[in-house]
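Q: What TrEMBL lists as transmembrane segment is B:9-28, B:34-52, B:87-107, B:114-133, B:165-183, B:210-237, B:249-275, B:287-306. What TrEMBL records for B:310-337 is region 'Disordered'. The compositional bias 'Pro residues' feature in TrEMBL is assigned to B:314-323. Taken from TrEMBL, the feature compositional bias 'Basic and acidic residues' applies to B:325-337.
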Ligand SMILES: Nc1ncnc2c1ncn2[C@@H]1O[C@H](COP(=O)(O)OP(=O)(O)OP(=O)(O)O)[C@@H](O)[C@H]1O
Ligand SMILES: [Mg+2]
């Protein structure tokens, strides 16, 4: 099995609460992988383990064949794991375009060391393109702290993309977005180059089924099912797992 | 439009202040010129405090440490090696930067109030060392009779308070200009980003501790340079110039001036020093109390300081109904980069 990212036997406890118990996950190169489950299932916790903001009590994370368990968030980002947060995290006093520029810098610095206009020019071009794709160009010079919730969420997605990830971790990117915004987001994600793998946590199951080729279902910190969208949609196990959660 | 007006008003005020500072030596007496020069030096330390507290998000009570290192380096050098001002400023900046670099392992991993406590301890430690190391520092008596400086090779030695004040003004203006320019580069943007949301900056792959180290060393260099100016302004230094009260006043000044604003830090620090000196005469013994009240009033009434009353106000985030409160961004044990 050749995983781009593999998590093996991940366990996270908060005091007496087992947020994750022996969770295994494999995301292949270019895969569109959804992670679903009712509230409190441990989805965000798993993303934080992958992004290195939560240290698991047990388990190993491998990325591109290397054990990255001991690397911090920045080092993992530089290797190509970029994420968004369930509560959008942006730099409030920086403008929207500066936010994306900052996120783009670590990669542009390495790629275009001697490019004319410098790394900042390259970062700014990336930022402008991403804003355009998300339909946020009008807001380029607005401080991120002024943006509405949905706009901040989209801005953070643009920031994650600006890092040119090999694996994109998205924590409920569609939550709080309007129908139009969800549509644009779906388009953007569908249009991502195939080199980018996506691990998508999402309650909007329509979006999940439209975009993803693999679905993993978590419940009470354990993997209860994994398969193609069709298998998951019809699985009685999944219906039960979701019965007391969200629709 | 309001921002534009605000910017113009601020630029006009800055120009007026600068003009006032330039003509001051011809208007005021020697004594006041000397006080002004000392206040400018302290204002420059205030700028270094603002750089750390407001821009980089590392509140500090310890900038008196590199300030003292710079002052003593400059005083010792002045009496023994070179009387050229720029050399002394450079050596003082180097001394301040070196001291800041040495304390990096203590300061950079810490956050918030812990930084205040650690930097406070470093400041106190430096004052203690200055008091004990008599052979070099003259102990608590300090160093007096420090030789005058010539600003540059070939220029005469500064002989009057007015001349010393103008020299101080030129150096402070140059360094503040350099800081303002630096903050407009990528370095400034990254520091502000780290202050806004450090975890987000890391999640994008940035080496935040490296940036904080850079800011800390740069702030040390600025404070060190200010130390050299203090020596010129006072021609006398002692550990009392670098005590806790000075750190506290500087932080107060920076908060009053609006923590993230370099100009504000200068104004705030000058204001606080002036208030202290004035109160010292009017209400002997009560100055700390009044300054404390001023501090509380500032923090509550003007959370962003007098020079920056307006700031982006975050739009409250509506919680989508199907999402439980998330805790993924705080309170979890964190890996080192
Ligand atoms: N920092 C924390 N301290 C204590 N408990 C936590 C912490 N973070 C998460 N939990 C708990 O761990 C469990 C899993 O939480 P997590 O946020 O991963 O769930 P989730 O699947 O993302 O849910 P949601 O769909 O509501 O976002 C929950 O019971 C939650 O209350
Ligand atoms: Mg969650």
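Placement of Cβ uses the backbone N, Cα and C atoms for every residue, glycine included.
What does the local environment look like for each feature on the list?
A: Only residues 6 or more beyond the boundaries of the transmembrane segment (B:87-107), in the same chain, are considered here, and those with a CB under 8 A from a CB of the stretch are 58, 62, 65-67, 69-74, 77-78, 115, 118-119, 122, 126, 149, 171, 212-213, 216-225, 227-229, 231-232.
Sequence-distant neighbours of the transmembrane segment (B:114-133) (same chain, 6+ residues past either end, Cβ-Cβ under 8 Å): 58-65, 68-69, 72, 99, 103, 106-107, 139-140, 239, 242-244, 247.
Residues 18, 21-22, 24-25, 33-34, 36-37, 40-41, 43-44, 47, 51, 55, 85, 89, 149, 151, 158, 191, 218, 222, 225-226, 229, 232-233, 262-263, 266 of the same chain, all 6+ positions outside the transmembrane segment (B:165-183), place their C-beta atoms under 8 angstroms from a C-beta of that stretch.
Same-chain residues lying 6 or more positions outside the transmembrane segment (B:210-237) and placing a CB less than 8 Å from one of its CB atoms are 34, 37-38, 40-42, 44-45, 47-49, 51-52, 55-56, 58, 60, 63-75, 78, 85, 88-89, 91-101, 103-104, 107-108, 142-146, 148-149, 158, 164-165, 167-168, 171-172, 175, 179, 182, 187, 190-191, 194.
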